[in-house]
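Note sheet for the following structure.
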Amino acid sequence: MSVTLQNIITAIHAKANIDNASGVIDNVSIDSRSQQNNNKTLFFALVGPNHDAHIYIEDLISKGVKNFVVNYIPEILNDKANFYVVDNTLAALQDFASYYRSLFDFPVIGITGSNGKTIVKEWLNFLLSPDFNIIRSPKSYNSQVGVPLSVIAINENHNLGIFEAGISTSGEMIHLQKIIRPSIGILTNIGTAHDEGFSDISHKIKEKLKLFSGVDILILNKNKTVEAFIKPEIKIFTWSTNDRTADVFYQKHTFEDHSILNITYREKSFQVRIPFTDEASAENSMHCILAMLYMKYSLETIVARVSELFPVEMRLKIKTGINNCTLIDDSYSSDFQSLKIALDFLENQKQHKKRTLILSDIFQSGLSNEELYARVSHLIVSHKISRVICIGEVISHFKYKFLNPVSFVSTEEFIAAFDSLEFANETILIKGSRQFEFEKIVSLLEEKTHETVLEINLNAISHNLNFFKSKLDPKTKLMVMVKAFGYGSGSYEIARLLAHHKIDYLGVAFADEGIELRKAGIDLPIMVLNPEMTSFPSIIQHYLEPEIYSLRGLKAFLKIAAEKNLDQYPVHIKINTGMNRLGFDAEMLPELIAVLKETKLVSIKSILSHLAESDNQEDKTFTNQQISDFDRLSKTITESLKINPIRHISNSSGISNFPHAQFDMVRLGIGLYGVSNDAEETKMLENVGTLKSVISQLRSIDPGETVGYNRRFSAKRKTKVATVPIGYADGISRLWGNGVGYVMINNQKAPIIGSICMDMLMADATEINCFEGNEVIIFGKDPTVTAIAEAIHTIPYEILTSISSRVKRVFYRE
Ligand SMILES: *Cc1c(COP(=O)(O)O)cnc(C)c1O
């Protein structure tokens, strides 16, 4: 991409702080962390309800970025960079993308619908790539921000575009239409689920159809309700499995691991084999087949290519590797766009200094190989990759462009040489296109544990963080509690994300937890809630900040502080206002103040207390009493010592239920993980953790036969029993067994039958179409941790933190 600033300013209707903007832009960014930001970057400072990218401008200027599209010019930076002021930076990004799109003229497939957009896009890309230079949305970039970023990546050599569009409320599609301007439309489906953003189903249909206002053809499942809303001038091309009037008719026959679609089109019949058994995959295949029919592909080509379709994995996964390596698994695609995204993701993983990239040939960049690998080399240098392992004939040919390259012509050759490559203590990004079968490499590098994983959605954490931030006064500081291994979710990865979001403090329970974070390179201030006296020296060594809750603790800390000649070491004073757990009682304050007056060894960074029932919304008397006691007692300290420390008392439910008690800081805990005691608030939060396993074995038992220890389940009918390798030693309470709880298999409830064993449980899958090896969800969106907690009379905190450390945590970003 290369566009003059003059053209951009005109396209986005901006006012500039300079008289004459000159020069060209070759990169647009909205992400302050991207390593691709440089002096030819135009940075759009987006502002959302809960975040504002203007806070990153100063950092970006120091990294060499010169041009910014902003809502306002941060005062102290006025003469430090070129600012283009607009009313709305998102609208400006969209205007720019739609201007940029107008510079190109080739067929574009636009996809929308409730489900399957990304799969159809990825499959079409695979099916059509032998014949076109395709530009497509990376991952599931289909939002108001994702679509412009996708389109901006078009270059001169592309001759087909495939973009997806997703909307959540009315008024959004019109913007996406202007940016994508599809000539071929695909409507995957219209879900019946109630969406918050639409008043009713017809409203939703009308809004989605706006994407297709200028198409030559619209491909969809034949559906009278939808068709009633399609303008007569738009030509449609439909498929159906029950309506013979559709242009293409099919019937599906399911076998153990594949299906056959018997298709009739213009009086001709043909058969397609797809390697899937479910309905959704058949429907997604049909959309692709109709697109190919419309594009005049021969039936032979369609049949051959469709039989090669594959499951789509859109997420970058972080996995634990052998020899203390960290893996980033992106083994399903290798195009230039997604390489950039993956390298930026790698950048944010700071566990290891050493970084390795394993990369296959890159296809369909729209560039000559010479130019493509020169650009790849540039990316690799700017991301400080320590070694590059090239796999494939083409990339091997260009390896001279990389620093420290190792090359192999095939994945097999790499596997043969695996031991000599000595992978250890490094972060490894594995990025290859499908035909290279890099999943074989991942499985060599991955540490083998059992099949149960707790998947942590990092996007959901950001969302929840921003949700709570939006409830705070802008001046209120934010401490996030990552004690107990981040409420069971993994402390380091979460702390790293929080550091990016510029929170003010981290809180942990014990010194060890803080030391782990320091070792992993987290440099945010960290408060230790329950510092044991024996840990004071290591607390000081790692610059952790202890909470002091008793005179005994204070004196012990001062003794060590004196030995180490400390000056004004930051500590936190905890007051007891009714929790009766830790803290100074009111009558101890005079003595505390007397000791503190005499010393310069420590300085009071903050004063805190803890609420005992901030989740009680019925009776707020006790909590309000705690709040006013805290206000009074903390003031006694600050006034006697003439200091002005941070005061804080609220935890997650305190933030929601006692907005007047924010003082100078709040301590967010469980809310970050998507759990709230308020049903309305829960709806606004996103689920963070999904605990998954697989079916180890299926068996059918007859009426009267029993299941498990002490034969607690007895079959009333012929029952299909699924055994799942997760038990109470993994943290699944036995109270959740014997019909109380359930797991989800293929989106259906399978009641847990019999007692939960140490390492396994059994579920009733009689009604469910499933196979050994299929995925089982223990908790996540359904059942939620909150629902489980209610059913077994405990609290979500206990469920989350009980998940044993032998369950592998896998972090991902959408
Ligand atoms: C755990 C903890 C919090 C966070 O509580 P949540 O209810 O998870 O938000 C806050 N303060 C203290 C002292 C804690 O121990």
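From the backbone N, Cα and C atoms, a Cβ is placed for every residue, glycine too.
Bear in mind that TrEMBL entries carry predicted annotations, made automatically and left uncurated.
Feature annotations, courtesy of TrEMBL:
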{"type": "ACT_SITE", "residues": "Lys483", "note": "active site, proton acceptor"}
{"type": "ACT_SITE", "residues": "Tyr709", "note": "active site, proton acceptor"}
{"type": "BINDING", "residues": "Arg581, Met758", "note": "substrate binding site"}
{"type": "DOMAIN", "residues": "688-812", "note": "domain 'Alanine racemase C-terminal'"}
{"type": "MOD_RES", "residues": "Lys483", "note": "N6-(pyridoxal phosphate)lysine"}
Distant-in-sequence Cβ neighbours of Lys483 (active site, proton acceptor), under 8 Å, six or more positions away: Gly507, Val508, Ala509, Phe510, Glu513, Leu529, Gly669
Tyr709 (active site, proton acceptor): secondary structure state under DSSP, collapsed to three categories: helix
For the domain 'Alanine racemase C-terminal' (688-812), the number of residues DSSP places in helix, strand and coil: 23 helix, 45 strand, 57 coil
Rounded inter-Cα distance in Å - Met758 (substrate binding site), Tyr709 (active site, proton acceptor): 11
Length of the line joining the Cα atoms of Tyr709 (active site, proton acceptor) and Arg581 (substrate binding site), in Å: 40
Spatial neighbours of Arg581 (substrate binding site) that are distant in sequence (at least 6 apart) but have CB under 8 A: His610
For the domain 'Alanine racemase C-terminal' (688-812), the mean pLDDT of the predicted model: 95
DSSP-derived class (H/G/I helix, E/B strand, else coil) of Lys483 (active site, proton acceptor): helix
Surrounding CB atoms that lie within 10 Å of the CB of Tyr709 (active site, proton acceptor), all protein chains: 12
